[in-house]
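S.K.: Let me give you the structure first, and then I'll get to my questions.
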């Protein structure tokens with residue numbers, strides 16, 4: 001292959017990779033009859049820039065097998081991929097290989113090495129790499145500072161900051177970002193004041209970091225103060241500062257203030273468009289979010305993930321999964337947040353086929369061991385009725401967190417597997433995991449549905465006595481429901497009244513108690529509870545419906561009709577019941593009172609046939 005053709009092909013690979021067409025770039029690369037180090041570096045850089053870090057590492061190992069010697073560009077790109085993937089094991093191997101090839105004196109390679117150790121949370125190795133540099137530059141110092149800040153070693157990071165050359169302008173912003181990520185808003189502001197006192201002029205990146213810190217900590221007053229300082233300092237037209245302020249107002253629910261910032265903005269960058277999409281989705285306006293997505297001149301993973309997350313949280317799971325599929329077709333690599341959003345959509349739809357499709361992609365991209373993604377898998381399989389799938393996903397999690405245990409506990413509880421749920425709790429405690437309020441909610445729900453009243457009482461008491469967790473609305477409601485189901489109506493009523501002054505809402509407990517009164521036909525107590533519910537929430541139909549059901553269960557048809565009439569006079573309507581079933585990856589819904597289903601006649605015939613068989617078992621013949 002002549003040098004001119006080799007150069008042209010390598011240039012085309014670089015162009016395709018920068019355009020996001022990484023699949024086409026790799027196809028062209030694989031078809032090259034011969035490749036030099038520059039061609040390999042072009043492909044490595046393409047993978048790295050688009051976030052395909054594992055593919056970059058695999059390509060580097062393939063490069064070594066073919067006998068092509070890596071240069072400092074190869075090592076820089078590969079170390080960046082190790083940093084992006086947080087792959088310390090491969091990073092150490094590349095470090096060793098770097099020394100073998102004699103690149104330990106290369107400043108760009110050493111800077112990439114410090115960055116890799118910092119992002120892999122190994123600051124001690126980052127310090128050693130820094131100490132081996134004879135003449136560190138600004139990038140070296142900033143990478144070292146980041147290594148300590150990223151690991152939460154703020155005292156050491158501050159020491160590095162104090163001895164850094166004054167010619168380096170970035171470290172103050174970097175330290176503010178580090179403080180912000182850990183929610184240390186006061187430390188951010190103290191450092192900002194110190195920068196001003198030392199005549200260090202803040203720039204748009206400083207203000208962007210400060211506003212982001214206020215956003216993360218939800219400190220509205222501090223955010224407004226920084227916004228005023230931005231305007232006073234003349235940075236209000238800077239895109240990065242404006243984007244951060246827009247995100248601040250949007251996240252804290254000030255949609256009108258956020259949208260006002262867009263009006264004078266002449267230049268919108270990618271971050272601006274992503275913030276707009278996110279704001280519209282949080283407002284529930286999916287149409288405007290889609291319009292903004294389509295208008296954006298360029299899109300990245302954040303843009304796509306915002307759309308998927310927004311559709312999923314707004315109950316439009318089909319559109320969320322459609323966007324997920326389109327994203328994969330555009331050769332964008334999903335991250336753990338993207339998969340989490342897609343799994344949330346599958347959970348809402350309760351379509352197992354779609355969930356398995358997303359699970360396949362998770363395995364393909366190597367995210368099946370990530371706790372955040374695996375927790376979503378546990379929940380998805382449970383919502384789709386596959387508790388065995390939940391259990392398999394749970395067992396594959398490398399490092400289980402509290403959310404993992406809670407998700408599996410709820411999965412067992414929802415499917416009536418009380419023994420497995422309670423045993424899981426014992427295993428969780430034995431592993432040293434401290435339960436939280438969600439854990440006890442799952443335990444009480446399990447005990448309620450399985451009639452384990454004594455167990456439920458013990459968990460309810462131990463929640464406060466052993467772990468110091470106060471009883472919330474849902475915990476009390478679960479206990480009332482459990483006692484009511486078991487026929488302990490007087491105890492359930494006493495519990496509901498006892499906590500009515502301490503929990504946020506007492507209506508949930510009274511609703512559970514009224515249902516129990518219906519089950520056991522206790523009209524006296526039911527009427528009392530029903531009146532209490534009406535006075536608490538007169539515009540809610542649930543109290544009328546439950547009291548009507550109570551009278552019907554007791555054969556008091558006239559009283560039931562009077563309650564229904566009163567409900568109609570108030571202009572209240574009962575939300576019709578709905579059930580659904582998944583057939584061939586499609587959810588078929590049935591709404592009470594609706595006759596619009598296309599197979600309604602066939603369904604009626606089958607129901608009549610089943611009813612006849614149940615009422616006349618003597619006509620059923622069994623084959624041996």
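Each residue's number is its place along the chain shown, starting with 1.
Placement of Cβ uses the backbone N, Cα and C atoms for every residue, glycine included.
Automated prediction, rather than curation, is the source of TrEMBL annotations.
Okay, these came from TrEMBL:
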type	residues	note
REPEAT	36-70	repeat 'PPR'
REPEAT	168-202	repeat 'PPR'
REPEAT	269-299	repeat 'PPR'
REPEAT	300-334	repeat 'PPR'
REPEAT	401-435	repeat 'PPR'
S.K.: List the helix, strand and coil residue totals of the repeat 'PPR' (300-334) as derived from DSSP.
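M.R.: Its residues divide into 26 helix, 0 strand, 9 coil.
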S.K.: Taking the repeat 'PPR' (36-70) as reference, which of 269-299, 300-334, 401-435 has the most Cβ pairs under 8 angstroms?
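M.R.: Looking only at 269-299, 300-334, 401-435, the most contacts with the repeat 'PPR' (36-70) come from 300-334.
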S.K.: Helix, strand, coil residue numbers for the repeat 'PPR' (36-70) per DSSP?
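M.R.: For the repeat 'PPR' (36-70), the helix, strand and coil counts are 26 helix, 0 strand, 9 coil.
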S.K.: Counting by DSSP secondary structure, give me helix, strand and coil numbers for the repeat 'PPR' (269-299).
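M.R.: Result for the repeat 'PPR' (269-299), in helix, strand, coil order: 24 helix, 0 strand, 7 coil.
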